[in-house]
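**Q** Starting off with a structure, shown below.
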């Protein structure tokens, strides 16, 4: 049995169908194809809270890290080899505060990426560059502390060597994360928060997690473990508390405590970012509320690292506090 409809009958049947059914038959929906999320996905109160928190962290980071650079530059008390590394990390934090944080807040508040695809690539590149450089600078500091305390006569990190180690950290990581320019992009007013879910980007994210974070962190822990063990063994004989013996000076022990705290804060605040590169919500051209809040939380935690370092310097380093007083003319040079 067969059915044969005339053209007139076909027109009558289609005309009788509701408009929504026609959308279903055509496989489309009545919304615009390039529709993007707006700040309406987040309430005005949530956007205000985001702005306040980011603004506070941004202000502390800018003022604090600029003060670190100024104090170390102007005060003779703080012009040591170790503080060369500190200035390098402060510059990385300033770069992140100026070249990353404002654009992240702009994207989250607007619900879309308002700038070009090239700007998206640059912002995401800085997002990976700044922490990557600091990981290797922290590794350089751990090497410096290890040889300064455990083997003070066999190897010494001079100022020239420190400059070369800092330069190597920047150049290596700048080249290592260059694939970010290929993986990141902007389409339909959206800039990916994390590396896209493709085999190439996932492979790179895993390799980046290993070489750019886990291996340096493992080496840093190994160096400081040996330093702490050495200090603990010497301290068991009471030498570290005797001013006359002075085998491991108190100032060096306090410096080790400061860097242990600094490394701990850095690892805790940046681990979520590196893990999220592999495990994160699926990104689409229209970011959902869940995606915005997830990325904002990760960004908050990461960016808090830039604001914490100047605070740790002022708490644990007496020379830095005296340098601040000298910088602001509160005591004579």
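Even glycines carry a Cβ here, placed using N, Cα and C.
Pulled these features from TrEMBL for this protein:
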type     : residues : note
DOMAIN   : 64-313   : domain 'G-protein coupled receptors family 1 profile'
TRANSMEM : 47-72    : transmembrane segment
TRANSMEM : 84-106   : transmembrane segment
TRANSMEM : 133-153  : transmembrane segment
TRANSMEM : 165-184  : transmembrane segment
TRANSMEM : 204-224  : transmembrane segment
TRANSMEM : 259-280  : transmembrane segment
TRANSMEM : 292-316  : transmembrane segment
**Q** What same-chain residues lie close to the transmembrane segment (133-153): Cβ under 8 Å, and 6 or more beyond its ends?
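**A** Result: 81-82, 85, 88-89, 92-93, 162, 165-166, 168-170, 172-174, 212-213, 216-217, 219-220, 223-224, 226-227, 230-231, 248, 252, 255-256, 259, 262-263, 266.
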**Q** Across the domain 'G-protein coupled receptors family 1 profile' (64-313), what does the pLDDT come to on average, as a whole number?
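**A** Overall, the domain 'G-protein coupled receptors family 1 profile' (64-313) comes to a mean pLDDT of 85.
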**Q** Six or more residues beyond either end and a Cβ under 8 Å away: which residues meet both conditions relative to the transmembrane segment (292-316)?
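**A** Residues 37, 41-42, 50, 53-54, 57-58, 60-61, 64-65, 67-68, 86, 89-90, 93, 96-97, 101, 104, 108, 111, 131, 193-194, 254-255, 257-258, 261-262, 265-266, 269-270, 272-273, 276, 280-281, 324.
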**Q** Below 8 angstroms Cβ to Cβ, which residues of this chain, lying six or more residues outside the transmembrane segment (204-224), approach it?
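**A** Distal contacts: 128, 132, 135-136, 138-139, 142-143, 145-146, 173, 176-177, 179, 183, 195, 256, 259-260, 263, 267, 270-271, 274-275, 277-278.
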